[in-house]
Each structure stands twice: as structure tokens, then as C-alpha cells.
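Trainee: Once you've had a glance at the structure underneath, I'll fire off some questions.
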Amino acid sequence: MPKNSKVVKRELDDEVIESVKDLLSNEDSSDDAFKKSELMVDDQEEKDVDVEEGSDVEDERPAWNSKLQYILAQVGFSVGLGNVWRFPYLCQKNGGGAYLVPYLILLLIIGIPLFFLELAVGQRIRRGSIGVWNYISPKLGGIGFASCVVCFFVALYYNVIIGWSLFYFSQSFQHPLPWDQCPLVKNASHTFVEPECEKSSATTYYWYREALNISSSLSESGGLNWKMTICLLAAWVMVCLAMIKGIQSSGKIMYFSSLFPYVVLLCFLIRGLLLNGSVDGIRHMFTPKLEIMLEPKVWREAATQVFFALGLGFGGVIAFSSYNKRDNNCHFDAVLVSFINFFTSVLATLVVFAVLGFKANIINEKCVTQNSEKILKLLKMGNLSQDMIPHHINFSSITAKDYNLVYDIIQKVKEKQFESLGLKSCQIEDELNKAVQGTGLAFIAFTEAMTHFPASPFWSVMFFLMLVNLGLGSMFGTIEGIITPIVDTFKVRKEILTVICCLVAFFIGLIFVQRSGNYFVTMFDDYSATLPLLIVVILENIAVIRIYGIDKFMEDLKDMLGFSPSQYYYYMWKYVSPFVLLCLLVASIVQMGLSPPGYNAWIEDTAMEEFHSYPTWGMIVCISLMVLAILPVPIVFMVRRCNLIDDSSGSLASVSYKRGRIIKEPVNLEGDNTSLIHGKSPSEVPSPNFGKNIYRKQTGSPTLDTAPNGRYGIGYLMADMPDMPESDL
């Protein structure tokens, strides 16, 4: 070969090397983008692929700033007003300390397992309630919509209670408290005590007449109560501002709204234990009545309380959990939050009965004084003999023990004429046995007890501020149970949806601030949630255990937690919990059928409550609330069953690029058996070999260019493969 030909060959080789380097350098940037991407395909048969991977949701979805913030959010949602005014009542009514036994058993059987299940599915699928149940079974997607409807119904009246608490909070900054004494009425001739107040009590009168200005029946609207309308508006403004940025705004508020109630409860407990009679109240509370514990009604009420105390079925638990990292230990969270909830209920019970014991002691002292005066009058009139009275008794400073001694003697001696004497026994237990719950406990009994506290305005401010915070914590979870599923499903802006939701709820909620509004609160509380939520949770259990598969679910838990959950949960979810829930559903239906549907109306003339049956239109409303709450389940089932809506959930997925990752696009790929399509990652599949001329560069395109299958392509198009659809990649 001539010398000059070698030079030419060397130059040609150099050009080839340079061109190859150029090609490789261009390909490297493409490969880097591809390697940073993540392939996600959805196979109906292979649902172990995370629904989040390969979507832009994982990049955009908010997350908790810390584990503490998340725990406080779950605690704030589960610990609500029911812990303060429902649990103590049930404990007193159903055997005192013995009631804790069935409650703890049912907490372990249905409470913790079902709470754990909701936490797990929310964290695993990272969607709200609608997205979670659509993913598990599109035909049961109505479960999520039903949860949203129930959340909306509950939010309507729950925020009214927060409004009531705000009203009492605003009235607590004065001394004496406005409900301390009955008001005086003046006319032309003389001044007298308001008759309605004189027949009841100062706190009862203030609640029904000053705060609610209540009408005599459900049918008598009476117009809007402007004071409560303003308080309701303030409550919805607070909720809207706290929720407008989702967990980014509400999460920070949780540090105060979740922790402040514990500070108040501890302060009340310490103060209550220093009051006369508080020990009597606590002793009465926890004295076990074992014979009552065996009654079926006790177990039904304990199961219902466990169910609602943890917020099961509302969707708030799933929504909060969906913002967690996928490897979060949700089992620890379930056990921790459940027992925090239980111990909060016990703490609230101690506080309530310490204060009620003090109140009962004061009432008992008044009873002793009044009846001692009656005995003195009877002695002067000669109806009773002085010989009947023991010599050490001094009626000017008589104790409850001495009075009971005199009472027993008179009862034995004057057995036939005793009833005509009009004497009362004045036993502190009789006062403590008067079961009070709900608004009657918070706004009447507890409020009356606080009027006897030193510095009563301070304690009143603290108490009602605690109620506001307890209510807000539960409201945040309830609203999150509405907002998160809708945002995840319909991709609307969270800020706009939150404002619209709060506005609509406020205007609908005006029915609760009429003069008859309290009766509507009772109606919604009795009929809008109980049965629908039981059905929702039963369907949740069936969806996960039967349709998704309990074995597959246990594998998912092992993958998330890093360890296998106890087989205890396997048997609870598969056998015990569904059976207990079905029994509870049947018992609730029977109880609802046996109890006449009605409400307690306040009668102004007698200053007493009187039971009224619902009118026909009221019964229609009650039935409509239950039907509307559960209606989404059969509607979605029939729509999906009859294919009225195109459902691509069972198809495979194509791939496309977005933000440096490959996202799924549903298409039909039946018949394609390549390992790439069946969910294997690129590293598990041999690189395809399409021949030597696989790439041709686009004319004038940069290294990264816009491509039809995503925001950024890789600068090259497939060559020598005409009419190749994206899905065949």
C-alpha cells in the first residue's frame, strides 16, 4: 500500500472515531434520562406494582413534615367531643369500671385491626378513599363516594357544635358568668325571677333560652338565631383557613389543636381532685357493676363507641395515611393512636366525674339544709316529737351523715305518714346516678359545676376553648375525608374545592341555627352516619380480604413494614371482625326498629323536655339521610357492572414520559406476552436488539426535545420501524 494511502486511512479512521463519539455522547444524555426514569405498567393480574410509581403524583403529593405531625393529626381526628361527653356517660350507664372490660376486648377485636387496615390501604395506594377502593375493585368504588357523603353530613352538624362552643367561649369573659343565676323580670309593680328559669335551673335556662332560643317542636322553625349564625360562620371560616392548603396548613395547627385539650384535661383533673366530693364521683364512676356487663346492650354500645371513636369509615384515616411514606410503620401508628384514644377517654371520664362529684356534693348540701329546715318546722308544729331526734344532732350545722340518720329514724317511726311529710333522702349517689351525656353534659351539668369554681371565668374559657379544639381536630379529618378523594380523582384545585365545600356547607348548615336547629342536629346525629358507616366498613373489609385477597394484602404489608404482621390480624380480618361487624349492624337495625323515632323537645311552659315523634316529613328526611349516604355503592356497582362508563382499570398500560419518568396511559395490549409489559423493570429484561440502524437523529433537534409521548423525549426516533405505535415499545 502506498504511503499516502495509509495517511488517508488514518484520517478516515479518526473521522469515524469522532463521529462514533458524537453519537455516543448524544446517546449518553438520552440513556441518563432513561435510567433516571422509571417504567410503570399496570397489569390487572399484578397489582403489587405501586399505584404511585411511574406517575407524577408521587412528586407532587404533599407529605407530613414529621412523624409527630402525622400522629397528632390522627389523634386529633380520632379524639373528639365523644371522648368527653359520650364515653363517661356510657361508662356510668353500663356498669362503671366493668364497662372498660368489653370496651377493651372490642378495641382489640374490631378497633385496632380495622384501624390498621385503613391506615395500610391509604399508605399502600396513596390515594383518598375514592381512589383506594377504585384501585382495589372498580365495582366497589362507591365505597369511597359513600364515605365522602357521610363525611359531608357529619361536617354539617358537627361544626354547629363548634359554633355553640364558640358562643359559650365568647360569653365566658365576664364575672359572674351569665349562666350563674336566673335573670330577674321587672314589671310595673314588682320584680320576680324568670318563671322558666325558676322551674329548671340557671344553666338549663341559659342553654335553651339564651343560647338556642329553642322552639317547642321540629315543625316550628322560628327563624334564624342570629347569634348562632355568626358563630357558625366563624367556625366555617376557621375550618376553611386551616384546610385551604391541605396538610401543609392544617398540619401546623395540629400541634396546638391536638395537644391543648390534654393540657386542659390535666389542669381540670388536678383542680377537680382538690374539690369537696370529687373522690365520691370517681369512686362512683369506677365501682364495677359486674351483673350489667353481661347484658348484650352493653356490648353493642361498647362496639359502637369503639367504632366511632377511631373514625372508621369516614375516609379521614385513609386520607391522612395517604400522605405517608410507603415504608412508614403503620402498625405501630394504629396501636399507638388507638390506645391514646382509649386513655384520653379514661382521663376525660376522671375529669367529668370529679367535677360532677363536686356538683353532686353541693346539691346534696342544699338538699340537707332545706330538709333540715322542714324537720324543724315539723317539730315546732308538733307533727314530729323531739324525742325522735338524737341528742347530738345540731340542725344549724348538720352533716349529710347525721341527716341520713334522722331521716331513717323518722321513716321507721312515721312509716304510714312519712310520704305526707315531704322529706327527701339526700343521697349523693342519687345525684350521681342521673345519667347526662352530650350537650346536656357540656353545656348544662359541667357548666353549672364551673360556676362554683373559684375564678370560674378562667375555667370556663379553658373548658370551651378545649371543646373548640377537640371539635376542630375532628373537623380537619372529616373535611380531609371529603377533599382528598375528590382532588385525587377529579384533579381539581384543592384551594378552590375547599372554599366551595365550606361555603356550601355553611349555607346548608343554616337549618341547624334556626330556633328548631337543635332538633335537626339530633336527627342528623341519629340517622346520617350510624348504619351507613357500618355498611361502608363491612364492604371495606370484604373488598380487601375477599376481592383483593388477604394473602396478597399480607405480602403488601410485609413489603411496606419490612416484617410480617402477626397472624392475629389475618384471623381478625378474615373471620372475627366481619362477624362482629355484621352482628353490630343487625343489632343497630333492631335497636333502631324498637326505638320510636323522635326527639326531646323543650317545653317553655313546664320548663321540661318532652318526647315528640317525628312528623311524616321528618321521617322522610331520616330515611333519605340513610339512603343518600349508602346510595353511591349500588349506583357505582351497577354503572361498572353494565359498562355504562368506560372502565380501563382492567387493561394494561402504555408508557409515556413526564418529568423525567415514565407514566402509565391505559391502552389495550391483549396478546402481548413480553416480560417488559408484565411489570418487570428494565433491569430484569434483556435490552431489545432492533438491528444496526436503530436510531436516526431528528433534524435540528437538541439532545432533549419535546416528544409525543411526554414532556421531554430523548432526541431520537425509532428508525426502520414504520407505523409503530407507542404501546408496542
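From the backbone N, Cα and C atoms, a Cβ is placed for every residue, glycine too.
Positions annotated as compositional bias 'Acidic residues' by TrEMBL: 40-57. What TrEMBL records for 70-88, 100-121, 142-169, 226-247, 259-282, 302-323, 335-356, 458-483, 495-513, 533-550, 571-594, 614-639 is transmembrane segment. Residues or ranges marked as Na(+) binding site in TrEMBL: Gly76, Val79, Asn83, Asn341, Leu470, Ser474. Residues or ranges marked as compositional bias 'Polar residues' in TrEMBL: 696-706.
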Trainee: Thinking of Cβ pairs under 8 Å, which stretch from 70-88, 142-169, 458-483, 533-550, 614-639 has the most of them with the transmembrane segment (495-513)?
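Mentor: The listed stretch sharing the most Cβ pairs with the transmembrane segment (495-513) is 142-169.
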Trainee: Under 8 Å for C-beta pairs, could you tell me which stretch among 335-356, 458-483, 614-639 has the largest tally with the transmembrane segment (259-282)?
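Mentor: Between the candidates 335-356, 458-483, 614-639, the best contact partner of the transmembrane segment (259-282) is 335-356.
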Trainee: Given the transmembrane segment (226-247), which of the listed stretches 100-121, 458-483, 614-639 has the most Cβ pairs that are under 8 Å apart from it?
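Mentor: Looking only at 100-121, 458-483, 614-639, the most contacts with the transmembrane segment (226-247) come from 458-483.
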Trainee: Under 8 Å between C-beta atoms and at least six residues away from its ends: which parts of the chain pack against the transmembrane segment (614-639)?
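Mentor: Result: 139-143, 145-146, 149-150, 153, 218-219, 523-524, 526-529, 531-532, 535-536, 539, 597-599, 645.
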Trainee: Please work out whether the transmembrane segment (100-121) lies in contact with the transmembrane segment (458-483), by counting C-beta pairs under 8 angstroms that are 6 or more apart in sequence and asking whether there are at least 3.
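Mentor: The answer is no, given that the two segments have fewer than 3 Cβ pairs within the 8 Å cut-off.
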Trainee: Return the single residue from the binding-site residues list (Asn83, Ser474) that has the minimum number of other CB atoms within 10 Å.
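Mentor: The binding-site residues Asn83, Ser474 were compared, and Asn83 has the fewest Cβ atoms within 10 Å.
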Trainee: Counting Cβ pairs closer than 8 Å, which of 142-169, 335-356, 533-550, 571-594 has the most of them with the transmembrane segment (458-483)?
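Mentor: The stretch with the most contacts is 142-169.
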Trainee: With CB pairs under 8 Å as the measure, which of the listed stretches 70-88, 533-550, 571-594 comes out on top against the transmembrane segment (335-356)?
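Mentor: Out of the listed stretches, 70-88 contacts the transmembrane segment (335-356) most.
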Trainee: Within its own chain, what residues at least 6 apart in sequence put their Cβ under 8 Å from the Cβ of Val79 (Na(+) binding site), listed in sequence order?
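Mentor: Non-local contacts for Val79 (Na(+) binding site): Ser258, Pro261, Ile340, Asn341, Thr344, Leu470, Gly473, Ser474.
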Trainee: Within 8 Å of the Cβ centroid of the Na(+) site residues Gly76, Val79, Asn83, Asn341, Leu470, Ser474, which other residues of the same chain have their Cβ?
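Mentor: Neighbours found: Val75, Phe77, Ser78, Gly80, Leu81, Gly82, Ser258, Pro261, Thr344, Gly473.
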Trainee: Name the residue among the binding-site residues Gly76, Asn341, Leu470 whose Cβ has the smallest number of other Cβ atoms within 10 Å.
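Mentor: So among Gly76, Asn341, Leu470, the binding-site residues given, the one with the fewest Cβ atoms within 10 Å is Asn341.
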